[in-house]
Amino acid sequence: PLLFCSLHYLQTCNFPKNLSFLLSSLSSLSRFSPALIARMLKNKATSLPPLLLLPLLLLLSSSAVIYGVHDKKTLSVHNNIWSPRHSSYKASSTCCFSPTTLGNGRASTTLEMKHRQLCSGESIDWDKKLRRTLFLDNIRVQSLQLRIKAMTSSTTEQSVSQTQLPLTSGIKLQTLNYIVTVGLGGKNMTLIVDTGSDLTWVQCQPCRSCYNQQGPLYDPSVSSSYKTVFCNSSTCQDLVAATGNSGPCGGNNGVPKTTCEYVVSYGDGSYTRGDLASESILLGDSKLENFVFGCGRNNKGLFGGASGLMGLGRSSVSLVSQTLKNFNGVFSYCLPSLEDGASGSLSFGNDSSVYKNLTSVSYTPLVQNPRLSSFYILNLTGASIGGVELETTSFGRGILIDSGTVITRLPPSIYKAVKTEFLKQFSGFPSAPSYSILDTCFNLTSYEDISIPTIKMIFEGNTELEVDVTGVFYFVKPDASLVCLALASLSYENEVGIIGNYQQKNQRVIYDTKQESLGIARENCSIG
């Protein structure tokens, strides 16, 4: 109404006298769509002098950018559990929640999934936690890049630490974020979920050296279904093939070993070492016999109180491969937001009725790379910011998708294009210093709700991953005085990009290893 009144005044009254009135009302244009403003100009301003038509047209152009061309979503800056306004939040006292089973009688089972930080039973120092996560995530990615370099190198000689792979998603805790509870030999065990790991393992009694975990350690002596895997078995040889460990049965001082041992080493000095064994495992209400896992008797590292790790990689010893006949090589997850403390889900099997996707599932092929056969690799063909497609010759390359890495890493040329376009569209906000791996930062303390450009990653087959609004910014400081674009650049152009779990929140991500494809759909990742 104010705009119509202004235009009417200009046509019927002395326009110089009312110029200031028009200019004072032009700020309201951003509330109208470009089409509506165009109709206003056509109907009311056709006789305006050129001097006034020019600023109106310029404002129409800027309004079109605000309203139509750039896709934006609203983020509530202080509506999260780490905000000082929610300082009374306390984590749950246990991570052992009851497995949830969904489905319509098909070969499918679903487990509740939580962010591990919400299960510590302690008041969380979010200021320390949020910053430490970035530090450890950077160490993890460096370890992954070293592993990839070793696997793709033509050199056959490797160091001892390199042959004791998988370096798998370097468990430098606070980096592997999501956990589920399974039954192992009739006892509940809380496992960190990792698509970059192959071998599933837990801490075992008797333990020569173990880190502190919530709940009792797995005790094979009280399980009638526990079985030792011997050195001369094909299962032990599968472990060798999967991990690159050249001699788990070599023996000491001339005394041959009878049990198959495993060693998993990590880049920061963390490791797990123990016996390879088999046991019954309960995933929801699906019980599987003779599941091969690592019984860790010497474990070191910051594993956050979890019982161990669930390996969802692609080798023969991973849980996915071992349950191929049960679940047809299909699993999916929906990672919940940490912001509201919600639970997500980890599903096995191809029963799509258990999904709650808001959009249809779109599939993209998994890239085949024999030297990186344990990883899930996609072909990144494009990206857009606020609906504006980015132009760079660096698209059309492989990028890992990983449940363990937190922040997405992009090749420098792609990251530069993303950052440049994002800053064009997200302007007018006070900047803040860079922190750790994040270099596009703002001070949003004085804001409540902000409009931020949408970020989309595009893969082969035009499959899109639209980053959830909670995955665009990373809060380095809980009071929003240091909030950064949650994307980072790799150090070198020839390093492999990684899609982190922070950008996978509120998505149904479906891994179909039999069809060699990955599906993506929007979903509100909250159950219960």
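Backbone N, Cα and C atoms are what each Cβ position is placed from, and that goes for glycine too.
If you look up TrEMBL, you'll see 178-521 marked as domain 'Peptidase A1'.
Here TrEMBL flags ASP194 (among others) as active site. Every protein chain shown contributes to the tally, and the Cβ of ASP194 (active site) ends up with 26 other Cβ atoms within 10 Å.
According to TrEMBL, the feature active site maps to ASP402 (among others). Every protein chain considered, the tally of other Cβ atoms within 10 Å of the Cβ of ASP402 (active site) stands at 24.
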- Task: Whole-number Å only: compute the distance from the Cα of ASP402 (active site) to the Cα of ASP194 (active site).
- Result: 7
